[in-house]
Structures are given as structure tokens and as C-alpha cells.
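Features as listed in TrEMBL:
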TRANSMEM  C:54-78  transmembrane segment
TRANSMEM  C:125-151  transmembrane segment
DOMAIN    C:130-221  domain 'Nucleoside transporter/FeoB GTPase Gate'
TRANSMEM  C:172-192  transmembrane segment
TRANSMEM  C:212-229  transmembrane segment
TRANSMEM  C:236-260  transmembrane segment
DOMAIN    C:242-290  domain 'Ferrous iron transport protein B C-terminal'
DOMAIN    C:301-425  domain 'Nucleoside transporter/FeoB GTPase Gate'
TRANSMEM  C:312-335  transmembrane segment
TRANSMEM  C:347-373  transmembrane segment
TRANSMEM  C:393-416  transmembrane segment
TRANSMEM  C:428-447  transmembrane segment
Amino acid sequence: MVQPKIIKLVDGEKGNIIKITDLQLDGVMRRRLLDLGFIKGAQVEVVRKSPLGDPIAFRVSQTTIALRKEESSKIEGELISNGE
Amino acid sequence: MGNEYRIALAGNPNTGKSTLFNALTGLRQHTGNWAGKTVSLAQGSVEYKNKTFQFIDLPGTYSLFSNSKDEEVARNYIVFEKPDVTLVVLDATSLERNFNLALQVLEMTKNVIICINLIDIAEKQGIEIKERLLTNRLGVPVIKISARNKIGFPLLLDTIDRIVTGAIECQPLVLQYPDEIEEKIRQIEPHVRAIVGDHVSARWVALRLLDGDESLLDEINRLITLKGAS
Amino acid sequence: MHIEQLYKEAQKLSTKQLRDDIVQHLHERSHLLCQEGITYNKAKKDTKTEKLDAIFTSPIFGFPIMMIMLGTVFYITIAGANVPSSLLADFFGWLESQLTALFTFLHAPEWLHGMLILGLFRGTAWVIAVMLPPMAIFFPTFALLENYGYLPRVAFNMDRLFKKVGAHGKQSLTMAMGFGCNAAAVISTRIIESPRERMLAILTNNFVPCNGRWGTLIVFASLFMAAGFTGGMKSLVTTGILVGIVLFGILITFFVSWFLSKTALKGIPTHYTLELPPYRKPKIFDTVIRASATKSWSVLVRAVKVAAPAAILTWVFANIYIGDSSILLHAVNFLDPFGRLLGLDGYIMMAFILGLPANEIVLPILLMGYLSTGSLTEVKSMVDLKKIFLDHGWTWLTALNMMLFSLLHYPCGTTLVNIYKETKSKKWTFMAFLIPTVIAIVIPLMITQTVRFFGWI
């Protein structure tokens, strides 16, 4: 068995699919992210980066949501696909 | 003369909720204030079978956990202003996230219609929706519409009519949480009922209290004062 | 038991994990519902949005496309509004002479004619002629972009810049709303969830010129700045100047946001999530045309409602004499030295003060002020209009300062009321008045003094 690779959402490359394992955020921001579908076990696809590099758009729960690196660096998950 | 009924429109942002509101009410719109609050919401009326349906366009929100002012406004309207029917507008192309809000509304109030919008686009993308099955699962009417193309409006208006006349009775799904949470709800719920009575769902309030929703306290106190005064 | 007590009890039972579990459970249930009730045919996935986003948010094309879009919307508005605006002005000029003839025929007293025709009619006619055509073009064009789903992409592209100054990317959406109406935009800041960034968006929204100021900006840009050009070129130059003015407003927005983030509204940027919905072809008639017509109409009604009493008031002020000059002239003379310092004059200052209820009426009041004292020129066309300004000593510098003051000055009365309603704070409402006012004084002052120092005029 290959050990699953854990990466932060902010480090994902376009096309990567990441299964969320941990959210290191508190308060309203945590609530907001949970509402949007950034929950443990959810699969998130890295869609694209903004022209200036930040924020990054993610595909989660059938919608596209952009997060700044302040938040996306606090969400971790297993890299389950490189998107070919 | 017909009676007037209030129909609240709730939904995620970008679901075409306002398109539906505009398509239904056309130019018969105005902005109304409610209950001495500074918040103003767009309202518009539709005449149907000698009745007046007063539609109220609530702010588009992702959830109703009062994380923002908009969420609080929408939640307070549904829970405390008690519209006759709450219409939850969902985007057929992203139902997974959209159902979330629908489930929250079902916990808050009884008379709910689930309106699955953008059905034309969903069909083009090969998304098939079994609305009968969903109606069974959720215990409230589920209707497929396209607000842009005015598809499904007769059925929607008819369903509203049948709810307000009592021809349909909604039995919204009671979402069961894991045992540990259910146990805590059981401890709180009777005390909540003693305070709020039957005016709002005690189970819902209990859940919100466990969740730590402080903004709800003021609203409940206001409700108690109102009831005490009348 | 009291609800507060119960809350405390509930908090004892609750854990941090509990909320996560509740939401997790909701999501799982949603997921289950989708699995049972919906079948997805993956073959027909929506690739249009992906392809368009690759262009609109591209590192190379993203920003140029944004600028082109902004410029195009302005150009369509200006070029398209030209003809109907002057047609309306001609029509109202003709109507005015007919009405005057009627008053003479009826032997109506001079003051009644003055108040109703020269005051009320002329004032409101100007508001309609200058405002209605740009509005009728701008709202639908903008609604098209909005309904199509382009605006969230602007917020996505621009966020990094907003973050640099401590603001929220969604502020670009509320700013976009400001092009229509600042008062409505202040309410729309509710989409920004964090209070600090929301306050920034509220305080700076005024630096985006609203519809009520479009008229003023377009008139002066085309009369003074693009004076040497004709036809399509004239519209193009006017557009260029307007884009410049708008960019300057955005620059000031960034500066003020940055300054406030470092001082009164210190704090780290928080709470950022932005949805990028799929692009969707708008329904032209229902959502674009009809919504815009309703919007234009309501803005116009509001403008006329405010313009009518203000027009009468101005006329009365201009015609009631204390000593050997009118009340208006006393006020104008009092304000004149200050106005001159900014490269403006007493009439202009007076017009902005009386125009507090609505920006739409600043220009009509200014004209009425000029006309009430000078020879009573009939304003039948844009050429006559320019002559009035030239007769009162206007140069390109006056026009530039007027445009800048209009762009930067305090929000209109309705906006201030909304700011108070939204912030519930007298202090911040006052700041929303003070900050733009100070900037609107300082910038023309600096420009005027510099120009005079170097003797460019």
C-alpha cells in the first residue's frame, strides 16, 4: 500500500482532486466553509488560480468556490488524483 | 373577495430565485418593511383562484445558521414572521449543496415547497431528477420548474393554493441526528417548549441552542414579550 | 426557565465537535438524497463555463478584457445617449416656449411663470434629458453582464488587489452596483460577511460615480475635454476621459481602504469565500429589459421628486431680494472665495450644497443659478449650454475640478440615510460624509494651485 499523500489545498495544482481530512479553522469561517461543503471526507477539485495567483477556485459539492490562501492553507487532505 | 397569503422565497445565491420572483410577480412589486425592522424586502403579488399570494423575496443564502446578516434576516422571517408557505428554490445543476438549505428549512417550518429550478439546463447536462421519490423522502411537494422559460408555473401556483387551502398537508422529514446529538436534543427540547410554546419548532430551537446561536436569544425574548403583551 | 439560562445549559452539553457533526450530517443526507433521486449522465458535462473562465480569468487576458468591458459599457452608454439626450433637450426647449406663450396668453403673473416654468419645468426637464438616456442604456447593458455571470469573475480577478489594501474582493461587486446607485450599493454590501471589510465597502462606495453623476460627468467631458472632436471620435474621447475618471475613483477607493485598514479599521482580512456560478444566457426581455425599465423609472421618479422642490426653492432663492441682491447671490458671494480656491466658483459650491438630496439635481441647480442672474438665455441645445458656462468664466480646469468634485464629494442624502441604517452608527455615518468631503476639497485644491503656479492657464 502506498501511503496517501497529505497536502494543503493551497498547494494543489490545477486538476488535482483532494479528499479533505482536516480543517484548522475556527469560528465563523469554519462555519461558512462547512456550509459550502468543505467537510471532512468531501472531494475537492482544484479548478483554477486567479490571474494574480490568489485566490484559488475549487470545485466542491457541485459548485465552484474561490478561497484565499489564508483559508486554503488551513485545509488539508489526501491527494487522490492528479487529474491525469 | 379572496384572502391574502404570504409566500416566502428562500434559496442559495445564483439559483435564479430572483428570476422566479420577477417572472411570477412581474411589475406588481414594491419594497416593504416588516415588523418595525429596518430590513426591507422586495414583495410582489399574484392573483390566483380569488386569492392573493404575496411573494416575499428573502436574501439568497448558503445556510440559515445566522453566520451573516442576510442569513439572520432570512431565518427570522421564516421562523418568526411565519409565512403561509416557504418556497425553497434550488439549482438543479448543484443539488447536492442546495439540498442542505432545503433540509434546514424543513427543520424550521412545516409548509414548504421545494422548487427545483433551471430544469432546462439540467436536462441538457443529462441530469435526471425523480421528483416523486424526493417528495416521498422529504414529505413536502417537490416541483421542477424553469423560471427563465416559465415552465412549471401552473403546477407551482396550484400546489401553493392546495397548501393554503389545506388540500395538501405537508409532513416534513424530521432529520435524525446521531444518537449522541439526539440525546442532547431530548434534554433541552421540553424546556424550550415551556418557553416558546407551539409558536416555533422547539426541536429546531433546541438544536440552535446546542449549536451556540446567541443571536437567536434576542429574537426569542422579543417573541415572548410580544406574546405576553397580547 | 429563562432562555438565557437554557442557552447556558445547552452550551454545557455542547462541544465544538457538535456543530461539525450537525453540518456533516446535513451534507451526508443531501448526498444520499442526490444518490437516490438523481441520475447524472456524465457525458454531457458543462464545459462552456470552463472554457470561458479560461479566457476571462486568464493571467494574460483577464485584466485587459475587464478594461475593455468597462470601456465598452461606457462607450455604448455615451454614444447611444448623445442623440436621444439632445432630442429630449430640443423637445423640452420647444415645450418651454409653448408653455411660455400660453402663460403670456393667459396673462399669468410674472412670478408664477418664473417659478413654474423657469424653475420647476426647466429643472425637471434637464434632469430627464440628461439622465434618462444614459440610464436607459446603462442599466440593461450592465444587467446583461450581471445576469450572464461575468461580475463574480471580476471579483475573482481583482481580489488580490483588494486584499492588499485590507478589503474584500466582493467589494468590486458592490462598487459595480454603485455605478447604478450608491444608495442601493450600500445595502448590497451585505454580501460581504465580515463587518470590517463591509464597513470599508460602505465608506468607499461613493467614489464610484452613480447614475445621478453620470449626467454631470458626461456633459462636462464632452463639452470641455472632447471639445475638439466630432462624431464617433468625440464619443470615444469622452469615453476615455470617463474611464480615466472612474479609474481615479477606484484608485482613491484603494487608497482610502488601505489608509483605514492601517488606522481606524485595523485588522486582518477575514472571511473570504466567493462563488463562481456557471455562465448562463440571460433572458433578454424578462430579466434585462424589464428589470432595467423598472429600475430606470424608479430612479427617475426619485430624481424628479427631489428635483421639483429643489428647483422651486432655487428659483425662490434667486428671486427674493435682500438689499440689492437675491438670497442666492448672497450665498454665492459668500461661497465664492472658497470655490475659487478649488478652481470652482460660488455657484458650483451652492449647487453641490443644494444638491445634497440627490446628485441628479446638481447640474440643473447650477444652470438655474447661472441663468437667474445673467441674461435669461434659452437653453435649447448643447451649444447654448456651453456658452452659459463660458460666459461665467469656465475653462477646462473648471470642468475638470467640477468632475473631480462630483466624483469625490459626500454621498447623497439617500445614501447617507442608508449608511446610517446599515451601520447603526452616527460616527461612521459622519465619517462617510467627512472622508469624501475632505478628499473632494484637497484634490481640486492641489490641482488648481499647481496649474496656477505653473501658469498653465
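Numbering starts at 1 and runs along the chain as it is shown here.
Backbone N, Cα and C atoms are what each Cβ position is placed from, and that goes for glycine too.
Curation does not apply to TrEMBL; its annotations are automatic.
Mean pLDDT for the domain 'Nucleoside transporter/FeoB GTPase Gate' (C:301-425) in the predicted structure: 84. Long-range contacts of the transmembrane segment (C:212-229) within the same chain: residues 77-78, 81-82, 127, 130-131, 134-135, 138, 181, 235-238, 241-242, 245, 299, 303, 358-360, 362-363, 382, 385-386, 389, 394-396, 399-400, 402-403, 406-407, 412, each at least 6 residues beyond the stretch ends and with a Cβ under 8 Å from a Cβ of the stretch.
The stretches the transmembrane segment (C:236-260) and the transmembrane segment (C:54-78) are in mutual contact, each linked to the other by at least three Cβ pairs under 8 Å (pairs 6 or more apart in sequence). Within its own chain, the transmembrane segment (C:54-78) is flanked in space by residues 134, 137-138, 141-142, 145, 150, 153-154, 156-158, 214, 218, 222, 235-236, 238-239, 242-243, 246, which lie at least six positions past its ends and keep a Cβ under 8 Å from the stretch. Counting Cβ pairs under 8 Å that are 6 or more residues apart, the transmembrane segment (C:393-416) and the transmembrane segment (C:312-335) reach fewer than 3 and are not in contact.
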